[in-house]
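The following features are taken from Swiss-Prot:
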BINDING   SER12, TRP13, LYS110, ALA145, ARG260, VAL284, GLU286  NADPH binding site
BINDING   LYS110, GLY141, SER143, LYS196, ASP249, SER259, ARG260, ASN261  sn-glycerol 3-phosphate binding site
ACT_SITE  LYS196  active site, proton acceptor
Amino acid sequence: MMKKIAVLGAGSWGSILANLLDENGHSVRLWSYSPAQVTELNEKHTNERYVPDFKYSETLTAYSNLTQAIDGADVILFVVPTKAIREVAQQVTAVLAKTHQRPIIVHASKGLEQETHKRLSQVLAEEIPTELRQAIVVLSGPSHAEEVARHDITLITAASADESAAELVQQLFMNDYFRIYTNTDVVGVELGAALKNIIALGAGALHGLGYGDDAKAALMTRGLAEISRLGVALGAEPLTFIGLSGVGDLIVTATSVHSRNWRAGNELGAGQDLKTVIDTMGMVIEGIPSTKAAYELAQQQNIEMPITEAIYDVLYKSADIKEVIPQLMRREGKPEIQ
């Protein structure tokens, strides 16, 4: 079942997913806005800024021209930063209006649109042609590009209101080291993906401050409770948060040095200021804008999210990171399950 697939976004995750699909026997075109990156991928088969010391398939072709990249595609996979997804979707829609294609639209980005607090499938649904909206598929779960690149075992979720679309995407990606489960709870899968980055910032900060495993386990457990509370209030299924796109993604993101959100939190905990952390990372730290969006959603929904609020205070109100933890610990005693 060879398909023509356009992958939009040549960062670490987008480029490695494109390489996986190419290795699975599909015809893959990888789009990047950077002509220099396209040249590197096509001539050297490398992407040193994002995935150092890795050789991409020689049959994988990169493009800087969006029209060429998506021409004839059966599937279009968005793997661009959250802040860019609406603009890129508008550009894709302009091309589709001329070509009259009806591809399946998939996204593997993790975040919430900061200005609107919308999930990314909602953003896509507002921009893509009407007839493509019902079959949007979300790819999410515990995954690091570096590990997929070396064929480590990885399991993630494909979620869609259209079960047949999710099953098609499942078959595109599955192989000996990459397994996908389907789910119909798009809301829960997307919120798990976005909100776990906030908790990963906190876990990294605890490490940078010198706290041990007890504190990190407590943070992840209570953080998952916050994610679930907000998610259910916004229409998610509770069980989704104990699945791959919930607790699975939280564990891998909040415990691994591969996680840019964990690394950013670690630097903040070690005493670096936020601007320096952002400047030195060189890649998007989705947990930062997601913290603001989640905090404001919690206020609107009247949902208690003390960990998220503490991280928001550090990021957006210049609160002292060493002081917010004792403040959390001194909160009024409560039942664990409410």
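Numbers run from 1 along the shown chain.
Note that Cβ sites are derived from N, Cα and C of the backbone, with glycine treated the same way.
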Fewest Cβ neighbours within 10 Å, where candidates are the binding-site residues LYS110, ARG260 = ARG260
Measuring Cα to Cα, how many angstrom lie between ARG260 (NADPH binding site) and GLY141 (sn-glycerol 3-phosphate binding site)?
-> 16
Once SER12, TRP13, LYS110, ALA145, ARG260, VAL284, GLU286 are set aside, which residues in the chain still have Cβ within 8 Å of the Cβ centroid of the NADPH site?
-> GLY11, MET283
Any idea what the Cα distance is from GLY141 (sn-glycerol 3-phosphate binding site) over to SER12 (NADPH binding site), rounded to a whole Å?
-> 15
Using all protein chains shown, find which of the binding-site residues SER143, ASN261 scores highest when you count other CB atoms within 10 A of its CB.
-> ASN261
Relative to the Cβ position of GLY141 (sn-glycerol 3-phosphate binding site), how many further Cβ atoms are located within 10 Å?
-> 25
SER143, ASP249, SER259, ASN261 filtered to the binding-site residues whose C-alpha is within 10 Å of GLU286 (NADPH binding site) = ASN261
Far apart in sequence but close in space: which same-chain residues, 6 or more away, have a Cβ under 8 Å from TRP13 (NADPH binding site)?
-> VAL79, ALA108, SER143, ALA145
Here the binding-site residues are SER12, LYS110, VAL284, and the Cα closest to that of ASP249 (sn-glycerol 3-phosphate binding site) is found at LYS110
Under a criterion of Cβ-Cβ distance under 8 Å and sequence separation of at least 6, what residues of the same chain contact VAL284 (NADPH binding site)?
-> PRO81, THR82, LYS83, ARG260
Minimum Cα separation from LYS110 (NADPH binding site), reported as the residue among binding-site residues LYS196, SER259, ASN261 that achieves it | LYS196
Students should find that the Cα atoms of SER12 (NADPH binding site) and LYS196 (sn-glycerol 3-phosphate binding site) sit apart, in Å rounded to an integer, by 19
